[in-house]
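Taken straight from TrEMBL:
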type : residues : note
SITE : R15      : site 'Transition state stabilizer'
SITE : K22      : site 'Transition state stabilizer'
SITE : R152     : site 'Positions MEP for the nucleophilic attack'
SITE : K208     : site 'Positions MEP for the nucleophilic attack'
Amino acid sequence: MNYTVVLPAAGSGKRMKADKNKLLLELFGKPIFLYTLEVFERDPNCEAIWLAVKEHERELIEEYVKRYDITKVKGYAAGGTERQDSVRACLEAIPPCGVVLVHDAARPFIDHEVIARLVEAAQESGAAVAGVPVKDTIKKVENGVISETVDRNQLWMIQTPQAFRYSLILKAAQAAHNDGFMGTDEAMLVERMDYPVAIIESTYENIKMTTPDDLIYGRAILESRIQEEQK
Ligand SMILES: Nc1ccn([C@@H]2O[C@H](COP(=O)(O)OP(=O)(O)OP(=O)(O)O)[C@@H](O)[C@H]2O)c(=O)n1
Ligand SMILES: C[C@](O)(CO)[C@H](O)COP(=O)(O)O
C-alpha cells in the first residue's frame with residue numbers, strides 16, 4: 001500500500017540547547033533530518049514527502065533536499081506555533097490520498113519494516129501508531145511525593161510514525177483546531193472522536209532527537225548500523 005508522509009520539521013529545538021534548528025545538527029557529517037528523509041526516499045511504498053518548515057529555513061532545506069537528491073519531496077507547508085499546527089498545515093496542503101503517515105523529522109532511526117506494518121494497519125483500521133512497551137517503573141508524583149505506581153503492563157511509549165486514512169486525520173485535525181484542542185500527537189485528535197487507534201510495536205532505536213544526550217545515542221545507533229552493514 002502506497003502512502004504519503006508528512007514530516008513536521010518546523011520546531012525550535014529548545015530542549016536541544018543548540019544554536020540552530022536541531023534538525024540541522026549533523027551526525028557523521030549529515031544533518032539529522034536528511035537521515036529521516038532518506039528512509040522515506042528509499043521506501044518504494046512512499047509516494048510523496050511533504051515537509052512543514054519555518055519560512056526562513058525553507059531555502060536552506062530545499063538546498064539540502066536537492067544536494068541529497070531527495071526526489072520524493074513534493075511540497076512544503078509553513079510550520080505553525082505548535083507541532084499540531086505544522087502537521088495540520090501539511091495535511092491541508094497535500095493532495096487527497098489513501099493513507100498518510102505523520103512522522104517527526106526528529107526521528108531519523110525509523111525502519112522500513114515498522115513503517116510497512118503501520119501502513120497495513122492503517123489501511124485496515126483507519127488509524128495506527130508506533131510505540132514500544134515501557135521498560136521502567138512509572139509513578140505519579142504530586143508535590144514532590146510519589147502518589148501512585150502505575151501498572152506498566154498497560155503502558156506504551158508512543159512514537160511516530162502515526163498512520164491514518166487521510167480523510168479521517170484531516171477531519172480530526174480540523175475539528176481539533178476549530179475546538180481549540182491541543183494534543184501532543186495526532187492519535188489524540190482521532191481518539192477524541194472515539195475512533196479506535198491500533199498500536200504497532202516499533203523499536204527502541206526509534207528515538208526522537210530531543211535533548212543533547214540523544215546526539216550520543218544517535219551516533220551509537222549509526223555506528224552499530226555501520227558495523228552491521230560491514231559484516
Ligand atoms: N511548531 C512545531 C514544533 C515542532 N515541530 C516538529 O515536530 C517534531 C517533534 O517536535 P519536538 O521534538 O518537540 O521538536 P521541537 O518543538 O523543535 O523541540 P522543543 O520542544 O525542544 O523546542 C520535530 O521534528 C519538530 O521539528 C514542528 O514542525 N513545528
Ligand atoms: C508525537 C510524539 O513524537 C509522540 O511521542 C511526541 O508527542 C512529540 O512531542 P514533542 O514534545 O512535540 O516532541
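Cβ atoms here come from the backbone N, Cα and C positions, even for glycine.
TrEMBL: automatically predicted annotations, no manual curation.
A map of TrEMBL features onto the structure.
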residue: R15; record: site 'Transition state stabilizer'; DSSP (3 states): helix
residue: K22; record: site 'Transition state stabilizer'; DSSP (3 states): helix
residue: R152; record: site 'Positions MEP for the nucleophilic attack'; DSSP (3 states): helix
residue: K208; record: site 'Positions MEP for the nucleophilic attack'; DSSP (3 states): coil
Can you list which of these recorded sites (R15, K22, R152, K208) have a Cβ closer than 6 Å to ligand 2?
K208
Using CB under 6 Å from any atom of ligand 1, narrow the recorded sites R15, R152, K208 to the ones that qualify.
R15, K208
Say you check the Cα of R15 (site 'Transition state stabilizer') against those of the recorded sites K22, R152, K208; which is nearest?
K22
If I take the alpha carbons of K22 (site 'Transition state stabilizer') and K208 (site 'Positions MEP for the nucleophilic attack'), what is the distance between them in whole Å?
11
R152 (site 'Positions MEP for the nucleophilic attack') and K208 (site 'Positions MEP for the nucleophilic attack'), distance between Cα atoms, whole Å:
21
Measure the Cβ-based neighbour count of K208 (site 'Positions MEP for the nucleophilic attack'), defined as the other Cβ atoms within 10 Å of its Cβ.
14
Counting other Cβ atoms within 10 Å, pick out the least crowded of the recorded sites R15, K22.
R15
